[in-house]
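Below is one structure, written out as structure tokens; the observations come after it.
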Amino acid sequence: MSEELGLNDLLAVRREKLQNLEAEGANPFGGKFERTDTAQSMKEKYDAKSKEELEEETHEVVLAGRVMTKRGKGKAGFAHIQDLTGQIQIYVRKDAVGDKSYDLFTSIDIGDIVGVKGVAFKTKVGELSVKVQDFQLLTKSLRPLPDKYHGLKDVEQRYRQRYLDLIVNPEVRDTFVLRSKILQSMRRYLDDRGYLEVETPTMHSIPGGASARPFVTHHNALDMTLYMRIAIELHLKRLIVGGMEKVYEIGRVFRNEGVSTRHNPEFTMIELYEAYADYNDIMELTELLIAHIAKDVLGTTTITYGEHEVNLEPKWRRVHMVEAIKEETGVDFWNEMSDEEARALAKEHNVPVKETMTYGHVVNEFFEHFVEEKLIQPTFVYGHPVAISPLAKKNPDDPRFTDRFELFIVGREHANAFSELNDPIDQRHRFEQQLVEREQGDDEAHMMDEDFVESLEYGMPPTGGLGIGIDRLVMLLTNSPSIRDVLLFPQMRHKDSPATE
């Protein structure tokens, strides 16, 4: 209660200051302010100069930012103002700015946004600063910022009030600046190699391209049920049919699933497709792309994630899913076996399975149970069973498996890719098998998409396709333990609801 009273008192004081400013004819929510410098650009220009060098000639600067600290009494004071690039100290003297501006400076609060004009100089202790000649209040802050040392520590509050998190935690701003640079680097790399960025619908009449529960909505004017897309895949393949031979899309995808450190119901993916390529080509593209991005934005392909040092320099390990399981458990799924025999093996090794699971499902369960989390260095796991890969080509040498790979780094899937299935008869059969699985209770199995099958009947060239989760890639490159750390506004449960996984 006392803390709430204290906050109310602070709010009242700031409201009173606002009223006083307005009574004096000042505008506490000002207009445009022309900056010539930022904290970073000022440091780049003048940090290397000595105190004496800066005094020899005048270096005028104009900056704006949020007041983060303030001190001083009498006729002079210091403050630190913060912009996107960092903080810079300002020095305000009454005899330099005049009585009115100095009174304004003394009245400002931490969190107010100000603009200053002045000259660069260094203090006695060598800190680069601005000797202010003109001081303006640009925005009056009516709420106090969290205390510097005891403030915004609660993780959930940081996610709910990301705007405060960005103000008081510079490393959080750095993460999201880096996220933007990662996307820029990715686009440049693909654009330079002839890929065309496209945009496809986010509302689908039939959800497809992944095994996931969709969000359902309704179009009133058309009186039809629509689904938020669970993948970008099927529309991009239609473009390959149409002759757009190298395409990609970076976009939002929606899956009506649990929230965890690895999952958010709304997330960002890149999907790309290249005609006349296969999954081996896409494997090479994937390692070169990710290594390029790391080198471009971090300056290195050796990164730290948690307790692990990860080497992203190609060429990465490649291992068949069956071989990876055999290495870890000794179980040999190369042997021909029935679905019943596969399920019996699972029970023998305490791998949870359902009675409806086939040989292919069991292989995947073994992999997830015994292998996945142990793949720390970049590893391409290929040869997924047909049963869990309804959109991938069968392997010509062993039709139980597909020409598909997933990329694992630090025990997490980061990419999924195929030699795309372009046989419309086989595709229809795969969809029909998925319908059987839906009838058996798998609500994540694919629906039949007649229009997509029809598009394949016109002929889709051999194609390699790739999907990369942008959020997980950003987590990896920023050493962030939770997906919420790399989403500006992650989905949060209601404050009074129990946590969900």
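Just so you know, glycine gets a Cβ as well, placed from its N, Cα and C.
The structure displayed is predicted, hence computed values, not measured ones.
The Mg(2+) 1 binding site annotation in Swiss-Prot covers GLU406, GLU413, and the record cites similarity to another entry as its basis. Taken from Swiss-Prot, the feature Mg(2+) 2 binding site covers GLU413, and the record attributes it to similarity to another entry.
Long-range Cβ contacts of GLU406 (Mg(2+) 1 binding site) within its own chain (separation 6+, distance under 8 Å): PHE380, VAL381, TYR382, HIS384, GLU413, ALA415, ASN416, ALA417. Secondary structure at GLU413 (Mg(2+) 1 binding site), as computed by DSSP, is strand. Counting Cβ atoms from all protein chains shown, GLU413 (Mg(2+) 1 binding site) has 17 others lying within 10 Å of its own Cβ.
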